[in-house]
């Protein structure tokens, strides 16, 4: 599905990612773990097409995702439809309009009929436990509600892959559990999920693969949950991120 080979990304004044190679398979639930600034968010931006690698190769379903490819607006739109992203700060992706209009925006851009848009909005609001929020606007929502509405708007495009940047950050324990349960349902429905987190305790029960970054912006390990169960020292290290 996704193949990254020797990916590097440089910001003007620092390294963002260094020599990253990774394969993502359909149906994976991957947690990107590591300290703040280690490259987790940078990787999500690259996967979503919001940035291009400085060097290395990125393929999605055997299609090279290059700077030239992303320069084409239609290519970018197609990639964003198939790989959806929920940002850590959801305020950057929510409009100052009702939740219904927020979720309807994407399907309308796809040219769906009014009836199909209405049905998709209803389905996505129901799936994300947001049906009771349909007439609200962002300033009336809690942090957890904003995250779920942002996820509903992404799901309205029916992506294959969901990217989530620290989706549990700032949420109450109840809202965290609600989000994790929702993500498990989405994986069971066939979605591939890649989420960034610095809190292993929050995600250890749902993640199936754990990509662990170190402070030098490199991948230190790619481990399954079973692998980690056999490495208590590694688990203890992750608990201190």
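Every residue, even glycine, has its Cβ placed from backbone N, Cα and C.
The domain 'ABC transporter' annotation in Swiss-Prot covers 2-240.
Annotated ATP binding site per Swiss-Prot: 34, 35, 36, 37, 38, 39, 40, 41, in sequence order. For residue 36 (ATP binding site), other Cβ atoms within 10 Å of its Cβ number 10. Under DSSP, residue 36 (ATP binding site) is assigned to coil, being neither helix nor strand in the three-state scheme.
Sequence-distant contacts of residue 37 (ATP binding site), defined by Cβ-Cβ distance under 8 angstroms and a gap of at least six in the same chain, are 215. By neighbour count, meaning other C-beta atoms within 10 Å, the densest spot among the binding-site residues 34, 35, 39 is 39. The ATP site is defined by 34, 35, 36, 37, 38, 39, 40, 41, and by the 8 Å test on Cβ atoms against their centroid, the other residues of the chain that qualify are 42, 196, 198, 213, 217. The most crowded of the binding-site residues listed here (38, 41) is 38, judged by how many other CB atoms sit within 10 Å of its own CB.
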